[in-house]
Every structure is written in C-alpha cells, then in structure tokens.
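To start, the structure under review is shown below, and the notes come after it.
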Amino acid sequence: MVSEFRKKKYLEVFNTFDTDGSGTIEKKDFEMSAEMLAKCMSGKVDEAKHKEYLNTVLKIWDGIQSQADSNKDGKVSADEWVALWDAYAKNPSSAHDWQKLYCKFSFQLLDTGNDGSINSEEFVKAYEAWGVNKNDAADTFQKLSKGKGSISWADFQELWEEYFTTEDANAPANMLFCTS
Ligand SMILES: [Ca+2]
Ligand SMILES: [Ca+2]
Ligand SMILES: [Ca+2]
C-alpha cells in the first residue's frame with residue numbers, strides 16, 4: 001500500500017504533468033508543455049527548442065502510457081499514476097527508460113548553462129518561471145544542494161529517486177517538485 005505521504009508527492013508531480021488541468025494525463029498535456037517550456041525563457045516560442053522538447057516529452061508520454069494506462073483509454077488517471085510510482089518505489093534501481101529520460105530532462109531544464117551542474121541562479125530562475133517566489137526558490141535550492149552551492153547530475157539523480165521513495169517528511173528531496 002502506498003502511504004498518504006508518498007501519494008501526496010506523486011500527485012504533486014501529476015499536477016505538473018496535467019498541463020491543461022483536466023484531471024488526467026494525456027498526450028495533449030505533453031504537447032502543451034513542450035510549447036510552454038520552449039517559450040519560458042525567451043517569451044516567444046524557440047522553434048528548435050520546441051522540436052527538441054516535443055520529441056523528448058512524447059517519448060516520456062509513450063513510456064507512461066504503455067506502463068500506466070491499464071484500462072487503455074488514452075489517459076492516465078491519478079490512480080494509475082500513483083500505482084506506477086508505487087511500483088517504482090519498490091524497486092528504484094530498475095527504473096524504466098522513460099523514467100530515466102524524465103529525470104535527465106528535468107535536470108537539463110534546470111542546468112540552463114549546460115555545464116553539468118545546477119547553480120543557485122539557474123535554479124531560482126527556472127523555479128521563478130514556474131511561478132515560485134524568488135526567496136522560496138533560493139531557500140529550496142539551499143536545502144536541496146545541502147549548502148554545496150551546486151547540484152551535480154549525480155546529486156540530482158539521488159534527489160530525484162529520494163523524492164519518489166522516501167517516507168521521511170524531513171528529507172530535503174521532498175521539495176524537489178514543490179512549485180507552490
Ligand atoms: Ca490533462
Ligand atoms: Ca487510463
Ligand atoms: Ca549549470
């Protein structure tokens with residue numbers, strides 16, 4: 001059984017994927033998010049980025065759909081989503097390819113300078129673009145980076161796994177997808 005604590009975290013991520021707020025995750029959400037992400041930094045849609053993002057998010061969607069859409073209605077419901085992550089939490093070392101891709105993609109979106117680690121400035125800018133208050137984002141970065149000043153790819157993978165698996169309410173990783 002999935003604990004209420006983990007369920008709440010899975011639903012936090014569910015909401016970030018449910019771009020149109022329809023209460024289910026479907027292909028359209030990914031098409032919308034690729035466009036929004038390509039728009040975020042510049043104000044208008046960067047066509048090259050849009051293409052690249054769309055390609056990646058549709059791969060992620062294909063993986064999610066084939067794993068989680070158990071009633072084959074083309075949508076992933078909150079229950080289907082929670083079951084998927086509960087399965088991951090039981091055995092995180094055998095993550096699916098789409099989960100690895102999603103982790104990598106999340107990292108790349110934050111490492112805007114593309115130098116292999118996320119610094120405070122990159123982190124705060126990205127979270128601000130997602131609607132988080134600047135001071136809260138800076139505070140979250142301090143906790144996630146454990147005062148080290150940057151989050152490497154290895155650190156990020158650890159945080160990412162911990163987010164989906166930990167039952168510890170005090171674990172900094174719980175704040176990874178916190179956008180409110
Ligand atoms: Ca939706
Ligand atoms: Ca379904
Ligand atoms: Ca960087």
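Backbone N, Cα and C atoms are what each Cβ position is placed from, and that goes for glycine too.
Database features, via TrEMBL:
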- 5-40: domain 'EF-hand' (DOMAIN)
- 98-133: domain 'EF-hand' (DOMAIN)
Quiz item: Per DSSP, what is the residue count of the domain 'EF-hand' (98-133) in each of helix, strand and coil?
Solution: 23 helix, 3 strand, 10 coil
Practice problem: Report the DSSP secondary-structure composition of the domain 'EF-hand' (5-40) as helix, strand and coil residue counts. | Solution: 27 helix, 1 strand, 8 coil
